[in-house]
Amino acid sequence: MLISRYSKPDFDPYGENSPEPEETLWPAPTATGPTSAVLSLPGSKSLTNRELVLSALADGPSLLRSPLHSRDSELMVEALRELGTVIEAVPGNGEYGDDLLITPVEELSGSTTIDCGLAGTVMRFLPPLAGLALGPTTFDGDDAARRRPMATTISSLRALGVDINDDGRPVLPFTVHGTGHIVGGEVTIDASLSSQFVSGLLLAASRFDNGLSLTHSGERLPSLPHIEMTIATLAARGVTVDSPATGQWVVAPGPIAAADVDIEPDLSNAAPFLAAALVTGGTVTITGWPNETTQIGARLADLLPLFGATVSRDGDRLTVTGGDGIRGVTLDLPEGGELVPNLVALAALASEPSTITGIGHIRHHETDRLAALVTEINKLGGKVTELPDGLHIEPAELHGGTWLSYEDHRMATTGAIIGLAVPGVQIENIDTTAKTLPQFTQLWHAMLGGHGA
Ligand SMILES: O=C(O)C1=C[C@@H](OP(=O)(O)O)[C@@H](O)[C@H](O)C1
Ligand SMILES: C=C(OP(=O)(O)O)C(=O)O
């Protein structure tokens, strides 16, 4: 296992002997009154990591304004540097750190090892770049990353002419033997377990000798908005992705344009804060909310009203106001897996039952999120049952206790939402929020102002 700067001590996600030393527990503040907060959030993980990749493949230097600085984006920056890309921090106007100036190299170089941490975007977006690089590149990551599916990335690149050694096990670690080019052409993949298999190929496809004709053949295709985000970021840099039919994409060979890009705030990371308005019967406003976006987090504006919230827009501000209690929901949400853990917190605090389906693929996120949610909520007295592709949540009186995070930032924030209403929730490894939002606890306390105990 590679150790990176944000790594935490190992623990067995579901083992009896998980270490829970006192000092790693974060007492989740319980709200003593309604929230009344205006917050601005750091940049989007998904946009930052796409733009970093595209900038490394582009035909000139690119500038990312207000990018995310978090574990996942740092891992992407470090990995691209390992492949030879020059990435410099330059002062900008963003509230959350420097801008990034990315200067691509003529030819990417392998002969290195890349630490993917637990970042799906690093492990699925960079193997094609390693194929375009000259020399072998070994990919590895956290222990939990070694459980995430990689077979589709590996088999699709092989089909496109890339030599990969995975010692017969299609998971991390594996080595891509880059030759400086990828033949490309036609390939059919099964992206049922992650949209990132599609995005990873599309991002680099125009740099393949013959471009790419990609077909998804599988029982479902999760997280479609993330594929639309990939297509939109490519279009903004002059690369057209044709989609002759659902689940088919064609990219012609050609350059990727350099660009100066403003990174939007991470709207999925707005979820715990906006959920807090519902839990406390208060208001939370997020600034910088884009008018148009491909981020799935934008759907919070129509999802939270289903739980009983009122949502309003005033220019670039989105405000969520809670009402009397929380309603149950029936949702099919294959497109929004990354929002699910935080929505399940609301369902667990609702006065009516909820069912959320279409989310079997979140078993393969940072942890098995269905199992983790069932385990942790039921430990606090909840009544959550796992379905073949989702969860059913019955209303229950919850009590305090230890909430394990499973190295999963969204499990950690889910525990924090529950803790607003349930005294005595202690969150193990709250620092795992650094994956996409290192400022989580500061922002959480700021949101509560004087209304947290
Ligand atoms: O491409 C991306 O940036 C992402 C795609 C989605 O992955 P899955 O399709 O694996 O759900 C999402 O859940 C993840 O947080 C980010
Ligand atoms: C699934 C997620 O992350 P990743 O990009 O590592 O897949 C997530 O952030 O919810």
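Keep in mind that glycine also has a Cβ here, set from the backbone N, Cα and C atoms.
Unlike curated entries, TrEMBL annotations are predicted automatically.
Glu338 is the only one of Glu78, Glu338, Glu394, Glu397 that TrEMBL places in the 3-phosphoshikimate site (with Lys45, Ser46, Arg50, Ser194, Ser195, Gln196, Ser223, His365). Ranking the binding-site residues Arg50, Ser223, His365 by Cα distance from Lys435 (phosphoenolpyruvate binding site) puts His365 first. Residues Lys45, Gly120, Arg148, Gln196, Arg369, Arg410, Lys435 are recorded as binding phosphoenolpyruvate; their most distant pair of Cα atoms lies 19 Å apart. Between the CA atoms of Lys45 (phosphoenolpyruvate binding site) and His365 (3-phosphoshikimate binding site) there is a gap of 15 Å. When the alpha carbons of Arg410 (phosphoenolpyruvate binding site) and Arg50 (3-phosphoshikimate binding site) are compared, the span between them is 21 angstrom. In this structure, Arg148 (phosphoenolpyruvate binding site) belongs to neither helix nor strand by DSSP; it is coil.
Candidates Arg50, Ser223, Glu338, His365 (recorded positions) were compared with Gly120 (phosphoenolpyruvate binding site); those inside 10 Å Cα-Cα are His365.
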